[in-house]
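Asks: Annotations for this protein, taken from TrEMBL, read as follows:
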- Asn284, His289, Glu294: oxalate binding site (BINDING)
- His287, His289, Glu294, His333: Mn(2+) binding site (BINDING)
- 46-195: domain 'Cupin type-1' (DOMAIN)
- 242-386: domain 'Cupin type-1' (DOMAIN)
- 1-24: signal peptide (SIGNAL)
Amino acid sequence: MVSFLLKCVLVVVAIFSISSMAQASDPDILSDFIVPVGSAIDGNLFTFNGTRAIFGSVIQKFSVTKVGKTEFPVLDGQSVSLAVLQFPIGSVNLPHTHPRAAELLFVIEGSLEVGFVDTTNKLYTQTLQVGDLFVFPKGLVHYQYNSNRNELATAVSGFGSANAGTVSLPTTLFATGIDDQILAKSFKSDIATIQKIKAALATSLVIFQMASAGDPDILTDFVMPLGVPSVDASYFTFSGLRDLVGAPPPEKFKVTKAAMTEFPALNGQSVSYAILQYPTGSVNPVHTHPRSAELLFLMSGTLEVGFIDTTNKIFTQTLQTGDVFVFPKGLVHYQYNADAENCALGISAFGSANAGTVSVPNSVFNTSIPDNILAKSFKTDIITIQKIKAGLA
């Protein structure tokens, strides 16, 4: 009897442990979104305009502008955030880790030397050009460096957590309370050398902080492709967006994805991107993303955006260049470029390597749902349903 009970307990513990490991980042929520205390519930709640000032700004040293849960509280529970990284000539984003999310970096200006170190101490390096993406797997030490002597560099990083966290290794090691003797032993050096490093960091170090509802977690640094014994930095680089640089705007709304299908290294990293191009008067029709919230960063132009919560309340906003808007996970939403003269361009980050897209018009009217059921559902007649279907076809 005791043996049987013990086995039952062990099975329960094992199931619980597996369930715990399978959730990759932020805990899920049981509501559409979390309203910060004292906040009005309208379109402004889901809009962040603290990134507007980035465009045209002049910086003297590496700068990171964060759009995480601290800066944008409604991201709580949405498992996504982003940061805009600005690199003056010769500047570096010091070696650091993000303990709660992978980082998907998109170069939008200049070039960058990047790299990360896996848990076997293998270094993967790459030179990125405008339009390139690079994924830094969750929790691994990585850096970015603008080695160009003539040009600034700018990048947008997406994270599969509302609070990815940042552990700056120089700061964590040499600007906290770890005893000098322990550091000297750890680095096989002497106390005088450790104190010299500490003194230098105290006067020059810039400290910044970026700060489960997503994909299943993985128990390795990254997921290797089947049948491939080893990979190099090219595996973690996606250059499929280079063609968008300098290209004429499309004639109709266009989405270019950088998700697990297009960029297999994202498997297990709980993050992806989409580039959204809106010609004048175009619309991204009503749709949902079943596996992730969408965090849209408007790079140029203006957009009318909105989503509907599960009580059928609509939240709308007019976005200007530099604004960020969050569409909570699984809710119906849209974007519309109402400007008759100017195109619009957006970058959307997702807290999943495969957020999924459900086009509401197509899912309802271009599938095999019988016409009579649709007619009853929409309280209309079969002729009207068939007219809608013909228009979508």
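Just so you know, glycine gets a Cβ as well, placed from its N, Cα and C.
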Asks: Among all the protein chains here, how many other CB atoms are within 10 A of the CB of Asn284 (oxalate binding site)?
Replies: 24
Asks: For the oxalate site (Asn284, His289, Glu294), what does the 8 A shell look like? I mean other same-chain residues with CB within 8 A of the CB centroid.
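Replies: Neighbours found: Ala274, His287, Thr288, Leu296, Phe327, His333, Gln335, Ser348, Ala355, Thr357.
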Asks: Restricting to the chain of His289 (oxalate binding site) and a gap of 6 or more, list residues whose Cβ falls under 8 Å of its Cβ, or answer none.
Replies: Phe327, Lys329, Gly330, Phe350, Ser352, Ala355, Gly356, Thr357, Val358
Asks: Sorry to bug you, but what's the C-alpha spacing from His333 (Mn(2+) binding site) to Asn284 (oxalate binding site), rounded to the closest Å?
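Replies: Cα-Cα distance, Asn284 (oxalate binding site) to His333 (Mn(2+) binding site): 9 Å.
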Asks: Which is it, of His287, His333: the one of these binding-site residues whose Cβ has the most other Cβ atoms within 10 Å?
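Replies: Sorting the candidates by Cβ neighbours within 10 Å, the top entry is His333.
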Asks: Between His333 (Mn(2+) binding site) and Glu294 (oxalate binding site), what C-alpha distance do you get in Å?
Replies: 10
Asks: How many Å lie between the Cα of His287 (Mn(2+) binding site) and the Cα of Glu294 (oxalate binding site)?
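Replies: Spelling it out, the Cα of His287 (Mn(2+) binding site) and the Cα of Glu294 (oxalate binding site) are 11 Å apart.
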Asks: Restricting to the chain of Glu294 (oxalate binding site) and a gap of 6 or more, list residues whose Cβ falls under 8 Å of its Cβ, or answer none.
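Replies: In sequence order, Val80, Val326, Phe327, His333, Ser348, Ala349, Phe350, Ala355 meet the Cβ cut-off.
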Asks: As a quick check of your reading of DSSP, tell me how many residues in the domain 'Cupin type-1' (242-386) are helical, how many are strand and how many are coil.
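Replies: Going by DSSP assignments, the domain 'Cupin type-1' (242-386) contains 24 helix, 55 strand, 66 coil.
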Asks: What is the number of residues in the domain 'Cupin type-1' (46-195) that are helix, strand and coil, as DSSP sees it?
Replies: 25 helix, 57 strand, 68 coil
